[in-house]
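Engineer: My questions will all concern the structure given below.
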Amino acid sequence: MITGLLKKVFGSRNERLIKQYRRTVAQINALEPKFEQLSDDELRGMTEAFRQRHAGGESLEALLPEAFAVCREASKRVMKMRHFDVQLIGGMVLNDNKIAEMRTGEGKTLTATLAVYLNAITGKGVHVVTVNDYLAQRDAEWMGRLYNFLGLSVGVNLSQMAHDQKQAAYNADITYGTNNEFGFDYLRDNMVYDPSQRVQRPLHYAIVDEVDSILIDEARTPLIISGQAENQTDLYQRMNGIPKLLERQIGEEKADGTGVEKPGDYYVDEKGHQVYLTEAGHEKAEEILSQLGLIGEGESLYAPQNITLMHHLYAALRAHSLFHRDQHYVVQNDEVVIVDEFTGRLMTGRRWSDGLHQAVEAKEGVTVQQENQTLATVTFQNYFRMYEKLAGMTGTADTEAYEFQEIYGLEVVVIPTNRPTQRKDLQDQIYKTGKERYDAVVRDIRDCYERGQPVLVGTTSIETSEYLSGLLDREQLPHQVLNAKQHAREAEIVAQAGRPKMITIATNMAGRGTDIVLGGNVEKQAGFIEADPNLSDADKAARIQQLKDEWQSLHEQVKAAGGLHIVGTERHESRRIDNQLRGRAGRQGDPGSSRFYLSLDDQLLRIFAGDRVRAIMERLKMPEGEPIEAGIVTRSIESAQRKVEGRNFDIRKQLLQYDDVANDQRKEIYKLRNDVLEANDVGEMVANLRESVLIELFRDHVPADTMEEQWNIAGLETRLREDWGLEVPLAKTIEGAQSIEDEELLNLIMKAATERYESKVAMVGRESFAGFERSVMLQSIDTHWREHLAALDHLRQGIHLRGYAQKDPKQEYKRESFELFARLLDVIKNEVTRVTFNVQIQSPEELEQASEQIEEGLSHLENVQYKHDEFAEGREPVEEAPSPRTGTAMAAAELALAGMPKVGRNDPCPCGSGKKFKQCHGKLS
């Protein structure tokens with residue numbers, strides 16, 4: 001009550017904002033006579049003048065009145081359209097990073113030109129985001145005339161465009177495109193192997209058309225790029241024979257050389273679920289691979305071109321030694337199906353990763369399938385929040401104002417209409433059954449048809465629209481059906497839906513973005529006349545005038561019949577969608593009417609109010625075909641809609657809280673990746689990684705601030721020799737010195753490592769080696785990031801169960817995903833260091849060839865799919881079900897899910913590094 005009183009005295013916030021904007025409108029209007037005096041060239045020259053003033057430090061806000069006045073004058077000359085005062089207000093709202101709610105027919109497309117022009121002055125690029133390719137192309141061509149007149153370039157970003165066309169589109173001052181394409185381009189730019197392959201510039205300013213559709217209806221749906229890596233099924237089958245030719249070692253060698261009961265080629269650590277090749281095993285494996293023709297004679301497994309073979313060999317060894325049929329998996333219908341070790345149930349659709357599933361398939365002789373992998377993913381919520389400035393416009397945003405403010409920080413400003421609205425919104429009519437409802441709809445349509453009044457019938461599904469079309473066919477009522485599939489044809493039909501006696505059936509979203517003009521739209525026909533080379537200018541003018549006169553007659557005829565009549569066949573769960581349908585009628589002060597016909601069988605009524613309304617109907621003994629038409633029922637339906645909207649908002653907000661965790665990690669990984677791409681020499685980065693890894697290794701064996709007696713020098717020398725190929729006489733150095741600091745030993749190791757590294761670089765040259773290092777780093781980041789995405793997905797699947805243990809699932813997810821991310825960075829660091837340090841080089845050509853192979857292997861992805869599907873619970877799995885991964889990130893996820901920790905401190909780390917858990921990932925725990 002007090003709030004209502006204050007609003008009456010001071011006005012609502014919306015009214016106060018509009019009042020402020022009207023002051024600026026007065027300034028713009030005062031400038032109009034001045035700019036009318038300028039020639040076309042002088043008007044065009046204002047753009048460059050604005051650019052220089054902005055470069056000199058003048059803000060866009062200071063330039064706004066003049067820039068808007070220039071844009072309006074250019075529109076009068078080029079488009080023959082003058083911006084209304086309310087459109088100037090809309091332009092200011094868009095420039096202030098807000099959402100402009102403008103009724104259908106109030107000219108949103110023209111309004112956007114004001115804010116687009118002003119922000120394009122900066123030269124940083126403006127993106128205008130639409131819901132489909134047709135609207136992007138239409139608006140770019142339509143408004144492009146205005147921008148080109150003012151000296152600005154315009155690009156269109158469409159799917160299936162060539163790479164150079166995309167780059168040109170993004171380098172234009174203004175770029176039109178769809179939300180999907182902007183999002184996918186962002187993901188693709190973060191998968192390139194050369195900075196010149198990127199298409200997007202830094203994200204500066206975006207205006208999102210139909211902002212409610214893109215930022216709310218599609219907010220739960222992530223964009224996903226998935227694909228199949230290079231087909232290596234033959235390699236898995238050839239590798240499958242190798243484990244049978246190798247001997248298994250019994251017992252693990254200890255630091256003092258004891259512990260081995262029977263020597264062999266590989267050791268199986270059943271506790272850590274890992275397999276390791278011994279030194280003898282490496283030599284034997286190289287011999288076998290050479291005989292199979294997989295590596296050259298005398299070549300090492302660690303040669304650059306053979307690095308990926310190690311991965312396949314270990315997968316085959318694990319498949320044979322650790323995974324047993326009818327225990328870990330079963331074979332059904334030519335497929336390997338995983339068995340859940342805790343429940344014993346079959347996990348149909350799930351696959352191990354890292355090539356393990358394929359190795360088991362090869363072992364069992366079933367068809368080896370290629371694996372689909374999520375390569376990159378982002379939600380619209382997180383993509384659009386990356387823009388420096390973001391604004392939007394729609395006909396219906398006020399009902400979702402809280403969500404726009406809460407999630408995107410965007411305030412909704414309702415722009416007044418240019419002329420008062422004359423549409424009559426009639427009371428809903430509620431029938432007992434669907435049949436009675438459709439009979440009433442057909443009666444209403446026939447009545448309008450006979451009076452010459454055009455009708456637009458809105459349905460919630462394609463099925464309903466086709467059923468209704470069948471009823472109208474039976475009644476011999478001519479009509480058009482739109483199902484939101486053919487956007488271009490759809491726009492033409494919608495544009496003519498205002499002609500007398502027109503009946504148009506459309507699903508709610510069909511034809512959105514196209515106005516329904518009473519009497520039909522003559523612009524297209526006028527365009528054909530203008531383009532006819534056989535007509536003189538006088539003939540063209542006469543024919544166009546004749547068209548306009550005919551249109552005026554039809555326009556008056558339709559107005560007299562009551563304007564466009566909207567028939568809703570069902571209430572949507574969102575009031576916003578209902579308002580969009582209603583908003584089709586009564587554009588720019590035209591007359592119009594709307595009515596919804598409901599039945600107790602409708603989902604919304606059935607769930608929320610059906611029983612209550614049915615009881616009223618039965619008490620009143622209402623005859624068949626007689627509707628209820630009462631304000632109390634309509635209000636209870638709106639109350640039900642508010643409940644559903646609230647529930648959907650909670651779901652979207654919760655999903656965003658989970659996705660924000662992945663988003664922060666995505667930003668970090670993409671930043672690291674871009675640093676690697678743009679670095680002149682990655683040698684310094686690799687040197688820092690190497691130093692970090694060696695310090696960690698050293699501190700595992702020689703802890704800081706400890707006595708000499710506590711140092712494990714023998715273990716350290718063994719690790720340096722086996723993992724790094726470094727012979728550093730640490731024990732002899734200690735024996736020969738009276739006293740020695742641990743830092744001196746560390747310096748010895750660093751010196752030996754640097755000398756070995758420099759000798760490799762000297763063999764091939766700094767430039768060649770830097771190229772190889774860059775490829776290895778990118779390969780490691782990309783491979784492990786893809787695994788990490790699957791690990792996060794897997795963690796997300798079961799995290800809600802933590803609630804039963806009185807823990808907050810969101811906090812648990814944050815904590816454990818951070819641990820996973822820390823491990824991911826650790827694994828990348830170790831892998832890059834190990835590969836670049838141990839690579840065996842013969843010539844620069846060999847190294848360059850290896851770099852090319854690495855990049856080709858990563859970029860050669862078959863069956864790449866761009867997904868953006870509707871789904872209910874959150875993230876749509878790329879595969880039928882999320883893949884349990886066996887890589888490092890997944891090993892950690894499995895541990896986390898099982899409640900952490902399962903690995904003993906002295907057990908080998910599940911990441912496969914060969915170190916003890918306490919000396920590897922155990923430190924992170």
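Positions of Cβ are set from backbone N, Cα and C atoms, glycine also.
Feature list, courtesy of Swiss-Prot:
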type	residues	note
BINDING	Q87, G105, E106, G107, K108, T109, D515	ATP binding site
BINDING	C909, C911, C920, H921	Zn(2+) binding site
Engineer: Pairwise over Q87, G105, E106, G107, K108, T109, D515, annotated as binding ATP, what's the top Cα to Cα distance to the nearest Å?
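Structural biologist: Largest Cα to Cα distance for the ATP-binding set is 16 Å.
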Engineer: Beyond Q87, G105, E106, G107, K108, T109, D515, what residues of that chain have CB atoms within 8 A of the centre of the ATP site's CB atoms?
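Structural biologist: Here the non-site neighbours turn out to be M102, T104, L110, T111.
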Engineer: If one looks at the chain holding T109 (ATP binding site), which residues at least 6 apart in sequence have a CB under 8 angstroms from its CB?
Structural biologist: D139, W142, M143, D209
Engineer: Just counting, how many other CB atoms are there within 10 A of the CB of D515 (ATP binding site)?
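Structural biologist: Counting Cβ neighbours of D515 (ATP binding site) within 10 Å gives 20.
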Engineer: Same-chain residues six or more away whose CB lies under 8 A from the CB of K108 (ATP binding site)?
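Structural biologist: Sequence-distant Cβ neighbours: G90, A100, M102, D209, M393, T394, G395.
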Engineer: Including all protein chains shown, what's the count of other C-beta atoms within 10 A of the C-beta of E106 (ATP binding site)?
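Structural biologist: Result for E106 (ATP binding site): 25 neighbouring Cβ atoms inside 10 Å.
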Engineer: Taking the Cβ of Q87 (ATP binding site) as the reference point, list residues of the same chain whose Cβ is under 8 angstroms away and which are at least six residues distant in sequence.
Structural biologist: E106, G107, L110, T111, L114, N418
Engineer: Can you tell me the three-state DSSP label for K108 (ATP binding site)?
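Structural biologist: In three-state terms, K108 (ATP binding site) counts as helix.
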Engineer: In sequence order, which same-chain residues at least six apart have a C-beta under 8 angstroms from G105 (ATP binding site)?
Structural biologist: D515, R587, Q588, D590
